[in-house]
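These come from Swiss-Prot:
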- 271-293: region 'Disordered' (REGION)
- 687, 688, 689, 690, 691, 692, 693, 694: ATP binding site (BINDING)
- 822-825: motif 'DEAH box' (MOTIF)
- 1040-1080: zinc finger (ZN_FING)
């Protein structure tokens, strides 16, 4: 018998024999077990199959051999076995000196480079993981040294690499030899040598184990199990016969095949039989030794296979194919000492062997190592194992079963058929110790271990205690030796605790779990058990995280410029701000670059509802159409029967839970049906300020009125065993009954009256009922609130209610049809209570209205997506991994992905957006922006210079000590005083802690020509409270923690917390006492301290009034407007209410009629001020704080804007200007910014320009700190 190559296989049998130039012979494939092909798999993973051939032997010269083929079931030698006229390889000739290296790697079909790379990558992985650096390694496995050449690592990392490789070699050697070994690793440049591989008698086994490990690496690198590896036999296996050996080992290397015929005895057969008889007749005179040897040999191998000798020659896999499921096939004969394992496989050929009639040197091998053979195939035994599977346990669910080929790590032990095996693993994960799963039996102890491709993922599951493995032996050798294959049938069970109640899922909106914990290896279990989802998710994390995945987004110039700016900044190529003035951008263009502006001219237009009293512009009709379509979704019945797009459905073996649903992003599993009802409907209307977002929303409310449905938003699920018809009923029955509300609009307090007025103005009478839920007379009846079509409230009221009752607050007990967040950037920080309160609201549709969805950093958008319930992006782990971090690192995928997410969710138009005809969508009067540079008087300059020098000395000390950022608050305090000094020195002289600035008193007297009043000291017990009071006196009033607005009638608690008196008393259940909402301290009403309201200034500012340079320039502008007689109205913005106090003095003296609007005004006071300013002609000036007037207000009655002091964030100033330059404005808007020359204000403009060039969120924490330090140094130049 022989195996031929492809060319010969295409010939006929006779032609093949006649054309066999290299003296190859041909034999037939026998008929055996369904006439399937046979293959032999060695312990190294190499599989060899016989091919069809003639039934006659051909000698080396091409003539017919005198010896005919062996009959059926005849076995030839313990090296090769001929069964059914097929040549197979026995395990007794394991490759004991397998050389895997570039010279000895004989690979066909052009796969040599792949295999060499696979071997080298295996070693590179060990070296790289230990050193943390990349390395270039050339591997050659020889006996007895392991050479690793061209090791490119840093010298200081060498010791760690040596230890890692030494541990790896120790493990291989110890596993192969069964005993501990002492390995010495010597690093020689450029080679890494491993010496002293245990004792000499174990060298062959160790070399074989190392070689097998490399073969396993090669096998894993290909798509099929068999590999193109040349297997060389031991050059000389012959050793002297030891007296106590059962089998003499005098077999020498042969180049011939010796075949013995059972039916026709020959000289060869006679010689073989004589040799066998001599073997068993030798020993003591009484024959006991021979008898004992024969009994031991018979017990060593089961009866049924007859052995002969076949000397091996090199075998090579030439044409590997994808293999079928392994099957073990019986060999039946009367007697045998050799057993082989055979498996069906596609056509594979090996090199031919030669025939010889010489038998003088043919003898039995001492090291005969059998491979297991059973009388029934695996399929039959698998059925028996399934029938006798493990008993059902209450809380454990059977997922599936699989055949696993394990490896033995023990000698001389025996496994019974269907014997139960137990699995163990290390309870502590260590980077030096791989994940190993060992198996044992109660009878024999440890037997072996699972392959690493199973252990790597199984250990993490087993450690959780929620997954367990139970196994039985299917096929194993009768007596085990090292590194033999054992076939196990393993069952996998999962505990019921692994299932998540979807309504209580930890994958919450706005949650921030550890990303690694969300990547659950349960998916790996399904993969190895070949369990595929019968209902797949719409998209997977792999698709999102793949570098090959294309989002089909066009790269625009702005995006590339932004990424280039990041790269330059990371490389230290940042140029000075003065050299880059031409790169300065407006906040509007900055916003457009990051989030983009929609091509809205392709949108259809929708006519306004008849109940709307105003006319909509074309772009507003487009917005109405887009919002209406966004609110349309699948109906309730379909949603209750539709699987959520982030979940997949799998079928398992356990009848109690035939289906498991797995969240592919969080890894959570459930046996309940996750419905699609949570999917949000709505989006972000991000039109630039002044385009009429309020009117568009009112048109939507009138066009699509509705009431909430309890089942629409709650994350509830139906029983998995319910059919589709009952799923909706069960789903609704599980839902908590809530009142059905209309539209909830949440806005800042300053916009409450404006929303109410707009709703009443733009809708016909009795069309909608509006409730303003604000103030002390609020009702707590959910049904009464829900009865109104529109409910208006503030972020402060919502947050206060949420803090008290969390998800059971008055707003959370209503299922709203629609929720609208006006000025939605208010919740840009997703960790705040205000943001969390909005996340927990229940509604059918959700809308965010904001002209600045991105203010400071990319993370601002994340909070909006959390409110909209856009999965999986409402989870911080995935947002951070796939968007935030790539964006920070300059990876364009981060920016592309956020654009892809926002494209269907956001509609954004700017004042520069054009329609189909190329015209601007909104024609507004132009703006005239000027910067007025003020020159300080001599007294002001001296005062400022002294203050600056003192501040700079303190700042330089912080820099020298390296504690700048540790004293960041103190430095901001220094900058605050410098900025206030630019407005008016009185603001600095209002400080009560005069000791720090005592040396400035002489300069103050020069400016005021009067000494400041002294400040009395309070009792020490009230010192800390007085510090808090002083913040309020200085104009640095903090917002009330309950309503999130500037404190109105502020009070101090004994625990030194400041808030509105009304907000605090309203939060108490009793009128006389309650808890502090901050620290939960018990408070009494009599203990509350009213904050001082007397003048904050240390001097009598009215009596000692003197105009500063900035105030003088402002008065000149106002006088000019007054003299013109045009009736123009002006708004003066400042961020300090104390400066507004000072401005009142010269305005009164010069006869100007003015009003004031700041955070201290209550809601009714604000309504009165705005109404009077818009309707009366006498009040031409409005003093307004930048914070209170920067959002949402419609101030088109004014046409002149005065910005008295620069703000850190230019977007805040832009918002204030847009209150005037918007729809309804009919005059040119004049904007005047006041800057004092050669002061910190001038440098603040440069800092503003720097911030505008920085892409939000594009810096690491370290770079943020470095940027802050550079900005501070710029300000103190």
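Just so you know, glycine gets a Cβ as well, placed from its N, Cα and C.
Feature map: annotations from Swiss-Prot on the structure.
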| residue | record | Cβ neighbours (10 Å) |
| --- | --- | --- |
| 687 | ATP binding site | 27 |
| 688 | ATP binding site | 22 |
| 689 | ATP binding site | 21 |
| 690 | ATP binding site | 22 |
| 691 | ATP binding site | 26 |
| 692 | ATP binding site | 21 |
| 693 | ATP binding site | 24 |
| 694 | ATP binding site | 22 |
Task: Sorted by sequence, non-687, 688, 689, 690, 691, 692, 693, 694 residues with Cβ within 8 Å of centre, ATP - done: 851, 1222, 1223
Task: Long-range neighbours of the motif 'DEAH box' (822-825), counting only residues six or more past its ends (CB under 8 A) - done: 684, 693-694, 745-748, 751, 755, 848-850, 852-853, 855, 860, 864, 867, 1191-1192
